[in-house]
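Participant: This structure is in structure tokens; I'll ask about it shortly.
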Amino acid sequence: MKKNRLNLNGVVVINKVKDISSNKVLQQLKYLFNAQKAGHTGTLDPMATGVLPICFGRATKIAQYLLDADKEYIATIRLGIETDSGDAEGEIIAKSINIPELSAEYLETVLAKFRGDVVQIPPMYSALKYNGQPLYKLAREGKTVEVKSRNIKIYELELLEFNIDSLKIRVKCSKGTYIRSLAIDIGKTLGCGGHLIALQRTQSGPFKLSEAFRLEQLKDLSFEQKIASITNIESVFIDKPIYSLLEEEKDDLYKRGLFADKPHLDGTVRIYDVEKFVAIAEFDKGKLINKKFFDQDILISE
């Protein structure tokens with residue numbers, strides 16, 4: 001007889017290994033924890049490794065916050081070879097022997113072009129849709145369509161190491177950034193083409209690689225240890241400011257969903273009732289525009 005699934009609530013930060021899909025990680029973790037409900041917060045390509053937060057239960061309601069959060073990656077780019085997918089899993093479409101002589105100074109001038117506000121064209125091999133069809137499906141059929149560019153922001157772009165035909169970089173960027181596209185664009189700027197050969201996500205929102213678990217680690221844990229690996233919902237917003245409800249505001253918020261304008265509040269705010277986290281609220285110049293209640297931050301609820 002199938003065991004009753006547990007109503008778990010919180011986030012498990014996974015360190016995804018290479019050659020497994022994000023959805024496979026999700027399904028394995030859901031089975032491992034016998035969880036009723038689970039969802040991930042944006043896919044990592046099978047060849048990519050690193051931070052993949054998985055949400056259980058009520059935490060799935062805030063998955064979008066992690067989708068929208070800034071990310072950090074370590075990426076390795078191979079120069080002189082272009083592929084149709086922009087990474088090592090694609091077919092080679094061009095080769096060049098004209099790789100320039102690389103130096104730290106020269107590469108710095110190239111990387112400087114990609115810091116700050118950047119207009120980027122996503123790769124054809126992506127989950128973005130064109131007339132309802134995922135681009136990767138069209139690409140596999142040999143079809144090419146015009147992909148709309150998007151505005152992204154690269155906050156930090158650091159050269160870690162390089163040799164005659166490759167470079168390793170650290171990238172801190174906004175949502176919607178494709179590191180494969182960045183690799184392609186850097187290769188074009190160098191005049192020799194390039195593609196991504198390794199990618200590790202080292203941070204997603206507040207979650208860092210140092211606090212992530214590999215699936216194999218979790219399989220060896222006791223039930224109590226598995227539960228202890230789940231971080232509470234508030235951890236997603238740990239860098240957000242706190243507003244503590246006044247006694248006279250509680251009925252309006254809880255019973256009527258009303259909240260008086262707060263000119264000093266803007267963006268995402270944690271709402272506290274005494275010392276308890278109860279909600280996440282979105283403010284626009286002091287006006288409440290959205291809210292989500294979390295009546296308890298426990299990891300298991302009946």
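Quick reminder: no glycine exception, Cβ is built from N, Cα and C everywhere.
So Swiss-Prot lists these for the protein:
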ACT_SITE  Asp45  active site, nucleophile
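What's the neighbourhood like for each of these?
Facilitator: In this structure, Asp45 (active site, nucleophile) belongs to neither helix nor strand by DSSP; it is coil. Counting only same-chain residues at least 6 apart in sequence, those with a Cβ under 8 Å from the Cβ of Asp45 (active site, nucleophile) are Asp87, Glu89, Leu199.
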